[in-house]
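What follows is a set of notes on a single structure, which appears directly below.
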Ligand code: PLP
C-alpha cells in the first residue's frame, strides 16, 4: 500500500491508529518505518484548550511539527502561529494565513529574516537584548515588540532559559532603550521550558510578566499583549489552568493573552511504526533511529518506549537494546527496554511521536524520512469539513486549497 503525503484517509469510527498499522504491515509490502497521524487528536486538543483556557488565544509553535495538514487544520480552527524564521513564516503564509495571525517569536533573528518579516507584514516580534533592538530599528521600525523575559520552570524536558529571556535586572534598561529608539512596545512574553513538569511555573511567569508590563507602563509605553509561551502537556493542563487562570486575574485590563503551545497540540496525534530488521542476542536493529524520528532522544531529551504490534505475553519480557539503522554507534534508540523475544519482520509501535521528531529527521546513511499516513474517522471528517466551511473568509483561508481527499475507508 502506497502511503501518500498530505492526504487524509477517512476510516471507520472504531478504527484506531494501531488497526491502520496492522492493516498496512499485514500487506507485507511495507518495508520502511511510517507514521499514522490521527487528525482527530489535533481537533480534540484544540477543543480542550478552548475549554481550559477560554481567555488565551493559542499561537501554535510551528517548529514542533510543520506538517501542512496540521497547519491547515489549525489555520481553519482559528489559531495563530508562532514562527521562528523566514522559512516558517513563508510556509504558514503560503497556506493563506494572514500576517496578523503570526508572531515571529525568536528573540535572536538574522537580519534577512527581519527584513522578510517587514516585507510580508509580520509585525509582532519578540526580543530580549539590546542588539536586537538596534537591528529592528533599522530593518523593521514599525514592529510591535514583545519583550521575552526569563522565567524558568524547576523541572522541564527542555529548559530554554539559558539561551533566551531577559533577566529581571535588564528589563528596565531594555524597555527604556526601545522607547528611546522610538519603537512600539506591545507586551511581554516568557517560556517556562518545553515539556514543563513544574505546575507552578506558568503562574509564576504570569506574575513576573505582570511586573514587566507595569514597568513598561511606568516608562510610558502602552502594552497590550501578554504571551505565556509554550511548555504545556495534556497530562497537567487542567491543574496548570487553575493557577494560570487565577494569576490572569492580576493582569491589567486591556491586555490580550496569547500562548505558543507546540508539543501539546501534536504529540499524541502521531504513532510511529518501525520494523525489526536485525537481531544480535538481546539487541534489536530497527529501521528508524536517532538520525530519523528518534532524534528526539538526543535533542528533545525524550524517552520513547515501544509496544510490540503482535500479541505477546508479559511474563516473557527481557531487557533489550534497540539500535537505529545507520552504521553509527551513537544511533541507539534505547539501551535497556523490556520486550519479548521478537523476530525479524516484527513491528514495534511508538505512541506520542508527533512533537519535535519529523522536522528534524535526516536521511543519514540513505535511510528515508518516514512517510505519514493521515487518518480521520468518519465523525472527525464531518467536523473537519465543517471547520473548513466555517473558516472565516476574512482569514483568506481557501477551503479548496485544503489538500485533503477522501481516498478510501480502511476497515478492520
Ligand atoms: N515558543 C517558543 C519561542 C519556543 O522556543 C518553543 C519551543 O522551543 C515553543 C513556543 C513551543 O514549546 P512547546 O512545544 O513546549 O509547547
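Note that Cβ sites are derived from N, Cα and C of the backbone, with glycine treated the same way.
Copied from TrEMBL, the annotated features are:
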ACT_SITE  327  active site, proton donor
DOMAIN    40-266  domain 'Orn/DAP/Arg decarboxylase 2 N-terminal'
MOD_RES   63  N6-(pyridoxal phosphate)lysine
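In this structure the alpha carbons, written CA, of the residue listed as 'active site, proton donor' and the residue listed as 'N6-(pyridoxal phosphate)lysine' are 28 Å apart.
Mapped onto three states, the DSSP output places the residue listed as 'N6-(pyridoxal phosphate)lysine' in helix. The average pLDDT the prediction assigns to the domain 'Orn/DAP/Arg decarboxylase 2 N-terminal' (40-266) is 96.
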